[in-house]
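Written below as structure tokens is the structure these notes are about.
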Amino acid sequence: MTQLKKTSVRKELRTEQPSIYSFELDEIKQWLTENGEKPFRAAQIFEWLYEKRVSSFDEMTNLSKSLREKLESNFVLTTLKTAVKQTSQDGTMKFLFELHDGYTIETVLMRHEYGNSVCVTTQVGCRIGCTFCASTLGGLKRNLEAGEIVAQVVKVQKALDETDERVSSVVIMGIGEPFDNFNEMLAFLKIINHDKGLNIGARHITVSTSGIIPKIYDFADQKMQINFAISLHAPNTEIRSRLMPINKAYKLPDLMEAVKYYIEKTGRRISFEYGLFGGVNDQVEHAEELAELLKDVKCHVNLIPVNYVPERDYVRTPRDQIFAFEKTLKSRGVNVTIRREQGHDIDAACGQLRAKERQDETR
């Protein structure tokens, strides 16, 4: 029987049977054809996976028994197990998922007036080394397969099924650097955006990067209508290098050139994430410098008050200073908002993922 392989995943990191969630519709059609089955069955399989969200291949009752047995022999549905689920006072939910090899990742469900947003993880750990973030404390263990990323959304959706709610948007801003796992991230995007997949609209999906410049050009060339964000966090090279060591490899001027290429190629505006760190990058003169950097750039700035991470030394910017920073940007014509804080009490806010678990492991 023909095995369906994805060359973008290193073989030694794969389970013996891959998750069927890792495969796009056309890839499943190919596998069906090569195994003597009708390709139209792929749409039925996708319906069972993403509309009915079954827990076993046996539940796919409009498929023949022999096909269900083939699926069972070649794939698993998911290797994610829910280890812990926490709920914040504001309704934010954090899921700790255990992977097939014992590693754990975190996924966050955020509730908004306009719907439910899921923040997914793309790597076990992170190699980028941002000096304010908990996710990078243990380094990078491995990349996730597309199916492990897709399964995060499916698992959260199944939790929402209990209250007849729906995942309405997805942000790729969890643990890891998405562009460090580029091919699997792209497969994930295509699966969740497909009308027979999770059918989440492109403009309801946001990808964020710390600034891996070659991949920004590659992503621009995809011409996807996905929302795109860059973790900027500084108005100049000196401060950005202090906060984000990646800036030493991928310089700020070169990053801004890549941003301009992306905007020209896609016609889309870009979002800049700007964490405010007390006494580091949060003064009015920093806002003036940021406005100058972003002059004539089609963009939006998200201001993020720093979240507490015990292993880090950064302090929160006072509230009145945050508003002064915002006011300065607005006066210079920069489109800007202050991000609403969510999940702070369960360590689910920006920069906090994996912090609590890592503390528990080292006790």
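Note: Cβ is positioned from N, Cα and C throughout, glycine not excepted.
Some features that Swiss-Prot has for this protein:
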ACT_SITE  GLU106  active site, proton acceptor
ACT_SITE  CYS350  active site, S-methylcysteine intermediate
BINDING   CYS126, CYS130, CYS133  [4Fe-4S] cluster binding site
BINDING   GLY176, GLU177, SER208, SER231, LEU232, HIS233, ASN307  S-adenosyl-L-methionine binding site
DISULFID  CYS119-CYS350  disulfide bond
DOMAIN    112-345  domain 'Radical SAM core'
Here are some binding-site residues: SER208, SER231, ASN307. Which one has the most Cβ atoms within 10 Å of its Cβ?
SER231
Nearest to LEU232 (S-adenosyl-L-methionine binding site) by Cα distance: which of the recorded positions GLU106, CYS119, CYS126, CYS130, CYS133 is it?
CYS130
Spatial neighbour of GLU177 (S-adenosyl-L-methionine binding site) that is closest, considering only the recorded positions CYS119, CYS126, CYS130, CYS133 and their CA atoms:
CYS126
For GLY176 (S-adenosyl-L-methionine binding site), identify the closest of the recorded positions GLU106, CYS119, CYS126, CYS130, CYS133, judging by Cα separation.
CYS126
Rounded to a whole number, how many Å is the Cα of GLU106 (active site, proton acceptor) away from the Cα of ASN307 (S-adenosyl-L-methionine binding site)?
17
Which of CYS130, CYS133, GLU177, all binding-site residues, has a Cβ with the fewest other Cβ atoms inside 10 Å
CYS130
Which state, by DSSP, holds SER231 (S-adenosyl-L-methionine binding site): helix, strand or coil?
strand
Say you check the Cα of SER208 (S-adenosyl-L-methionine binding site) against those of the recorded positions CYS119, CYS126, CYS130, CYS133; which is nearest?
CYS119
List the Cα distance (Å, whole number) between CYS126 ([4Fe-4S] cluster binding site) and ASN307 (S-adenosyl-L-methionine binding site).
18
Going by C-alpha distance, which of the recorded positions CYS119, SER231, ASN307 is nearest to CYS133 ([4Fe-4S] cluster binding site)?
ASN307
Looking at Cβ-Cβ distances, which residues of the chain lie under 8 angstroms from CYS119 (disulfide bond) while being 6 or more apart from it?
THR107, VAL108, LEU109, MET110, VAL170, VAL171, ILE172, MET173, GLY174
Min neighbour Cβ count (10 Å) across binding-site residues CYS126, LEU232 flags CYS126
Cα-Cα, whole number of Å: HIS233 (S-adenosyl-L-methionine binding site) versus CYS130 ([4Fe-4S] cluster binding site)?
10
